[in-house]
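Colleague: Not my notes, these are from TrEMBL:
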type	residues	note
REGION	1-38	region 'Disordered'
COMPBIAS	1-12	compositional bias 'Basic and acidic residues'
DOMAIN	36-101	domain 'P-type ATPase N-terminal'
TRANSMEM	348-373	transmembrane segment
TRANSMEM	393-419	transmembrane segment
BINDING	ASP467, THR469, ASP889, ASP893	Mg(2+) binding site
BINDING	ASP467, LYS468, THR469, GLU571, PHE612, LYS635, ARG669, THR749, GLY750, ASP751, ARG863, LYS869, ASN892, ASP893	ATP binding site
ACT_SITE	ASP467	active site, 4-aspartylphosphate intermediate
DOMAIN	915-1168	domain 'P-type ATPase C-terminal'
TRANSMEM	946-967	transmembrane segment
TRANSMEM	979-999	transmembrane segment
TRANSMEM	1029-1048	transmembrane segment
TRANSMEM	1068-1086	transmembrane segment
TRANSMEM	1098-1119	transmembrane segment
TRANSMEM	1139-1162	transmembrane segment
REGION	1236-1265	region 'Disordered'
COMPBIAS	1251-1265	compositional bias 'Low complexity'
Amino acid sequence: MTVPKEMPEKWARARPPPSWSRKKPSWGTEEERRARANDREYNEKFQYASNCIKTSKYNILTFLPVNLFEQFQEVANTYFLFLLILQLIPQISSLSWFTTIVPLVLVLTITAVKDATDDYFRHKSDNQVNNRQSQVLINGILQQEQWMNVCVGDIIKLENNQFVAADLLLLSSSEPHGLCYIETAELDGETNMKVRQAIPVTSELGDISKLAKFDGEVICEPPNNKLDKFSGTLYWKENKFPLSNQNMLLRGCVLRNTEWCFGLVIFAGEPPSIQRKKGLLSSQCLYSTLLSRILKGPHVAQRLRAGQAGTRASGQFLKMSELLRAQGMNASQMYLVLRASYMSPSPVLLIPPQIFGFLVCMGVILAIGNAIWEHEVGTRFQVYLPWDEAVDSAFFSGFLSFWSYIIILNTVVPISLYVSVEVIRLGHSYFINWDKKMFCMKKRTPAEARTTTLNEELGQVEYIFSDKTGTLTQNIMVFNKCSIYGRSYGDVFDVLGHKAELGEKPEPVDFSFNPLADKKFLFWDPSLLEAVKIGDPHTHEFFRLLSLCHTVMSEEKNEGELYYKAQSPDEGALVTAARNFGFVFRSRTPKTITVHEMGTAITYQLLAILDFNNIRKRMSVIVRNPEGKIRLYCKGADTILLDRLHHSTQELLSTTVDHLNEYAGEGLRTLVLAYRDLDEEYYEEWAERRLQASLAQDSREDRLASIYEEVENNMMLLGATAIEDKLQQGVPETIALLTLANIKIWVLTGDKQETAVNIGYSCKMLTDDMTEVFIVTGHTVLEVREELRKAREKMMDSSRSVGNGFTYQEKLSSSKLTSVLEAVAGEYALVINGHSLAHALEADMELEFLETACACKAVICCRVTPLQKAQVVELVKKYKKAVTLAIGDGANDVSMIKTAHIGVGISGQEGIQAVLASDYSFSQFKFLQRLLLVHGRWSYLRMCKFLCYFFYKNFAFTMVHFWFGFFCGFSAQTVYDQYFITLYNIVYTSLPVLAMGVFDQDVPEQRSMEYPKLYEPGQLNLLFNKREFFICIAQGIYTSVLMFFIPYGVFAEATRDDGTQLADYQSFAVTVATSLVIVVSVQIGLDTGYWTAINHFFIWGSLAVYFAILFAMHSNGLFDMFPNQFRFVGNAQNTLAQPTVWLTIVLTTVVCIMPVVAFRFLRLNLKPDLSDTVRYTQLVRKKQKAQHRCMRRAGRTGSRRSGYAFSHQEGFGELIMSGKNMRLSSLALSSFTTRSSSSWIESLRRKKSDSASSPSGGADKPLKG
C-alpha cells in the first residue's frame, strides 16, 4: 500500500490497510474480512450477513409451486407430464388421462411429502439454533442475545459445555495463558479434545471493563472451506499480531473443561463455519427418511465431509453405480443419468437413445400404416366412420396416430422402474446394516451403508486400494524397540546369548521404581532401564526428547494418575515410553513444559513448536532448559531427517540405518530422533524472521516452511524408535480370499519400504511363491522409467518360457483387459517408493506405470502422501474400465476414499473422518470380504435379474399393442382396458419382482465365501450387458407375439357353449390380459432362485388380486355406481366360464414358457456356470449325508472288532496321490469358467450313484460344496 506522506512510519506499519471497497461481500467473491471489536457502526458498512441461519427452502405459500418446479426439473417427471398433456388431447389419446396421472401423482406426492417433512425439520432446527441464548458485550454490559442477533465484531462470552455461536477469535479465558479446550465432533467427527490459545496480548483481557475498551481490528482471509487453516492479523495499539487456526473457535465446537472464555466474532451468518465447511443443511433436518431414500437415493449419493451422520457436504459430488452407469445400452440410460454441480446436484432421468429410438420406430411404422390404411381403406367408410373435424387428410391422421402410439407404447420404460430400483437398493442397504456377522462386539459398532446407490457396484470391484495403519493393522501402537547412539534395545536374549523366540519372553521390565509409570506399558529388555538408572547421557537425552517433542495434552484427575490425550497413537506411545523410563511429561502451558526427570521436576521454556504435516513429515520443538541453553529437538521420518544431519554423525548414521532396516524388516514403524544446539544470537535473529513470516498476508505457509527448513539442519543424530502396530484379526485370510476372487489389492501407505513389505508378507499379499517382487526406488525420471521397463521385460520373458497352460491369444480372448501384460504367466508384485511414484505419475510415464502395476498381483506404494493416494486411484479409474474401492481409517485417507468409485471407512483409532467421507463403514478390515463376496455379489445378481425381468415383462405387455395395430386399422386402439394398463405395473406385477430383487440369491452365503470365483461374473459384467439386455427384450417380443396371435387364431373360429361366436373385443382383452399375468407370474417363478414366504405371498397374491379386481370391474355393483366407466357387466365371468378360453390361456402359457425351460435345462447340462456347479455339489452333498445317516441307522449293531488292522477293501493310496479325493477348492472350481463342465457333472452323478450302492461312499469321498 502507499503510505501518505503525513502519516508517521510507525503508524503505517501498525495501522490496518484501508478498505477501498464498501460493496456487500458475498461468499466466494469477498477478498478479505475486516472486523473491528465493539464497533457495530463500522462493521455494518461491509453489510456482512447476520448470524441468522436459514436452511429451509419453503414456506406455506411457496411450497407447492417451488416443490413442483423442482420436481419437474427432473426429465423423468417432465417426460411423463408431456405424455399426460398428450393424453388430454382428444384427437390423439385413446387412453384415459388417469393411466398416466395416477403413477405420476403418486411419485410426486411421495416426493412432496418427503420434502415437506425434511423442510419441517429444517424450520424446527433453524428456530432452535437461532433462538439459542448468548452473552454479548454491548456498551460495556453483558446482555443476553439470541444467536440470530449476534453480529461480526461483537465480543461474546462462552461458558463451559456451551456451543460456539459463530466463528470467534479467542481473546481470553479462565485458564492460565488464555488456554481453552474444545470438542470438534460437530465439524470433523473427532471426539478428542483440542486446545486453543489466545494470543498473549489479549489473554489478559479477562475483565469486562478491559474488553469494553478493546478496539482491535482483525484483517483475515474470507470465508472458505478449510477447517484446519486460518490466516489473519490483529491490529491493536500500533502493533500487528499474527493469527492462526490455534487462535480460532469455530461455530459448532463445544467448550470443554474451561469455565469461561471471551471471543471476537469474525464470521457469522451464511455461510458460517459449520455451514460453509460442514454443509448447507442443519444437522437435525438431514436424517434421511424412508421416503427420502426411496425416491432421492440416487440424487444424494454424495460424500459426508464432516459433521453428524446424514449431513450433506459442501463441495459434494455424486457417485453412480457401475452397473447403471452410462454404457450405450445400460440401464442407467434407461432411467437414470446423474449430473453433479457444485452445491446443487441436478439429477436427470433419461430414456436411452436405443429404447427411445425403438419406441419412435414403432410409432413411425404404425403411423405410416395408419396413413396408408386411411388413404386406401378408410375413405370408403367415411359415411359411418368419419374423420375428426381437425383431420383433413390421411397424412395428418398418421401424424396424430404417431403421438397416440407414443402414449400407448411408453410403458416399455414405466415410471415404476424408477421407484422399484430405489426400494430394492434400500432393502440391500438394510441387509448390510442388519448383518450381525459384520457387527463388532468389542466396539459395539455395526456395519453401515451410508448410501443406497452403490450396492450392486460392490459386486463388481476389481481393484482395492487400502491404507495400512489402522486399516490392515490395529493402530494400537506399542513401543517395541529403539536405537540409542548406536545401540539397539528391545531384543531379549536367553542365557546362551541367542534371541528369544516368540513365546519365550521372560518377565517384563519392572517399573515399580517410578510411581508415575503406566501399569499397562510392557517392555522386555531390562538393559534399557539399566542404562537409564546408571545415568547414561545419551539415553537420558533420548527420553528427554520424547518427553518434550510432542503436542500431547496431560490431564491429572487424581494425584499421580496421568491421562495423555494425543492426536496420533504414535505420539501417545512414545510419550508413554518416556514416562515409564523416568521422563514423565507432567504438564504444559503455552510457554512452558514441565517434565519429571527421574523424580525431579524440571520446567523448560517452550520457545517454538514446528508442527508436523504431511509434507514436512517431522516435528520439532525449541526449548530453553533451566541453565539457559537453547536446544532444538526433532523427530520424523528417516527419509527426511537423515538428509538434515551434521556430517560428523556418519559413523553413527551407518549403525542407526542398519537398526532401522532391521526394525522395518520386522514390520515396525520407525522414527529418527535428532537435536541441535542453538546460540542465543542466532535464535533471536531466526525468531524475528519467523515472526515476520507469520505476519505475511500472502504465502504465509510457504514462508514459514522455508524458515523451519533453515533451522532443522546440521542436527546431531540421537537414535531411532520402533513402534509395533499389529495386524488386525482375519486380515491375511481376507486378502487371500479377495485375491482368489480376482480382486487386485494395492496398499498405499506412508510407512517406509521395509515396513510395508514386511506387512505385505504378514498379510499374505506377498508370498514366497511369487515369481518376483519388483522394487522401484529411482530418484529421477530416467531411473524410474528404466526400472519399470526392466520389470515389464522380465514378465514378458517369463511368459514366453512358461505358458501356464494358455497361449497369449487364449488369455486375451477371455479378458476384457487390453494390455498384453495383463495376460502374463506367473505372479508378480510391485513395490514403489513415494519419490519414485511422483515421477511415475507424471503425464508421460503414468501409462507405463499403470501397465506394469496392473500386470502384478499386488502393488505396495510406500511413503506416499494423501494426494498421491488419490492420484493413484484416479489413474486406475481413468484408464481401466474397472470398479475401484478405497478403504481407510484416517483423515489422510479421505481424498482416496472420495476418489474411488466406492469408499469404505474403518471406524478405528483416528477419529471418524474417513467414515464420514465413505459410502460404507465398519470397524474391521475382515468384514470387507463379506461386504463384497456376499452383499455385493447378491446385490449385483438381484439387480441384474430384476432389470432383465422388468424389461421382459414390459415388452411382453407393450408389444401386444403393436401387433394389434395391424388388425385395428392402426387406429391406436388398445388391447387391454384402461384399468388393466394403469394397474399392470403398479399392482399386478410390482410386488413379485420387488421380492425377487430384494431376497433372491443363487447360492447361500457360506458358498459365496467358500467359492470366491463366484464373484467374477460381476467383474466381467456378465449378468446384465448389451447381450443380456437384447435377450430379455427378444424374449419379451416373442412372448407378446404368442400372447396376441394364439388367442387371435383361436377366437377366429371358436364358439361359446351356446353356439354363438366367442370372438368379441372385451372377451379377447380379458383372455390376453389373463394370459399375460399368468405367463409373467410363471416366468418370475422360474427366475426366482431362493424362495421365501414373501415370494410365495407376492406371486400368488398378485394373481389373486388380479382376478379379484377383474371380477369386481365387471360386476353389477360398479356398473350401478359408475355406468359410464364400467359398461361391460359380467364379461369377465362369461369369458372365463368358457373352457376354450382356459385352454387358450394354458396353451399360451405353455408355448411361452417351455422354450425357456428347455433352454435352461440344456444349458445346465451342457454348459453350466460356476453357480450351477456349486448348487449341484451342495445338493449331492445333502443327499449323501441323508443316505449315510440312513445307512448307519439300518446297519447291524454287532461287535465292531475286526481281525485285521486295515480295511478289507483296496486302499485309497492311489486315489490320495492323484488328488482326486481332495475337497474342491475355489481354484479348482475356477476352471469351470473356461471349459465345459459336463464331464464333471457326469462324474458327480457317478459318485452319487456309487454312494447309493456303497455305504462308505458318502463318507470316504467328501465334496466341498
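Cβ coordinates come from backbone N, Cα and C, glycine included.
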Colleague: Just checking a number: largest C-alpha distance across ASP467, LYS468, THR469, GLU571, PHE612, LYS635, ARG669, THR749, GLY750, ASP751, ARG863, LYS869, ASN892, ASP893 for the ATP site, rounded to a whole Å.
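Modeller: Comparing all Cα pairs, the maximum is 24 Å.
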Colleague: Counting only CB pairs under 8 A, let me know which of 393-419, 1068-1086, 1098-1119, 1139-1162 has the most with the transmembrane segment (1029-1048).
Modeller: 1139-1162
Colleague: Let me know the most crowded of the binding-site residues, choosing from THR469, ASN892 and counting other Cβ atoms within 10 Å.
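Modeller: That would be THR469, with the most Cβ atoms nearby.
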Colleague: Whole-number Å distance between the CA of ASN892 (ATP binding site) and the CA of THR469 (Mg(2+) binding site)?
Modeller: 11
Colleague: Roughly how many Å separate the Cα of ASP889 (Mg(2+) binding site) from that of PHE612 (ATP binding site), to the nearest whole number?
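Modeller: With the alpha carbons as reference points, the distance is 19 Å.
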Colleague: Between ARG863 (ATP binding site) and THR469 (Mg(2+) binding site), how far is it from one CA atom to the other, in Å?
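Modeller: ARG863 (ATP binding site) and THR469 (Mg(2+) binding site) have their Cα atoms 12 Å apart.
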Colleague: As a test of the contact definition, list every same-chain residue at least 6 positions from ARG669 (ATP binding site) whose Cβ is closer than 8 Å to its Cβ.
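Modeller: Within the chain, ARG669 (ATP binding site) has Cβ neighbours under 8 Å at THR469, MET477, ASP570, ALA722, ILE723, GLU724, ASP725, ASP751, THR755.
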Colleague: Given a Cβ distance threshold of under 8 angstroms, which distant residues of the chain, six or more beyond its ends, lie next to the transmembrane segment (1068-1086)?
Modeller: 949, 952-953, 956-957, 960, 975-977, 980, 988-989, 992-993, 996, 1039, 1043-1044, 1046-1048, 1051, 1099-1100, 1102-1103, 1106, 1110, 1131-1132, 1135-1136, 1141, 1144-1145, 1148-1149, 1152-1153, 1156-1157, 1160
Colleague: Taking the Cβ of ASP467 (Mg(2+) binding site) as centre, how many other Cβ atoms lie within 10 Å?
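Modeller: Result for ASP467 (Mg(2+) binding site): 30 neighbouring Cβ atoms inside 10 Å.
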Colleague: Between the transmembrane segment (979-999) and the transmembrane segment (1139-1162), are there three or more C-beta pairs closer than 8 Å, counting only pairs 6 or more apart along the chain?
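Modeller: The transmembrane segment (1139-1162) and the transmembrane segment (979-999): touching, no.
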Colleague: Just to confirm: which same-chain residues, 6+ apart in sequence, have a Cβ under 8 Å from the Cβ of ASP893 (Mg(2+) binding site)?
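Modeller: Same-chain residues close to ASP893 (Mg(2+) binding site) (Cβ under 8 Å, separated by 6 or more) are ASP467, THR471, PRO866, LYS869, ALA886, ILE887, ALA914.
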Colleague: Counting by DSSP, what is the helix, strand and coil composition of the domain 'P-type ATPase N-terminal' (36-101)?
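Modeller: So the counts come to 31 helix, 1 strand, 34 coil.
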Colleague: Averaged over the whole of the domain 'P-type ATPase N-terminal' (36-101), what is the pLDDT?
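Modeller: Here the mean pLDDT over the domain 'P-type ATPase N-terminal' (36-101) amounts to 82.
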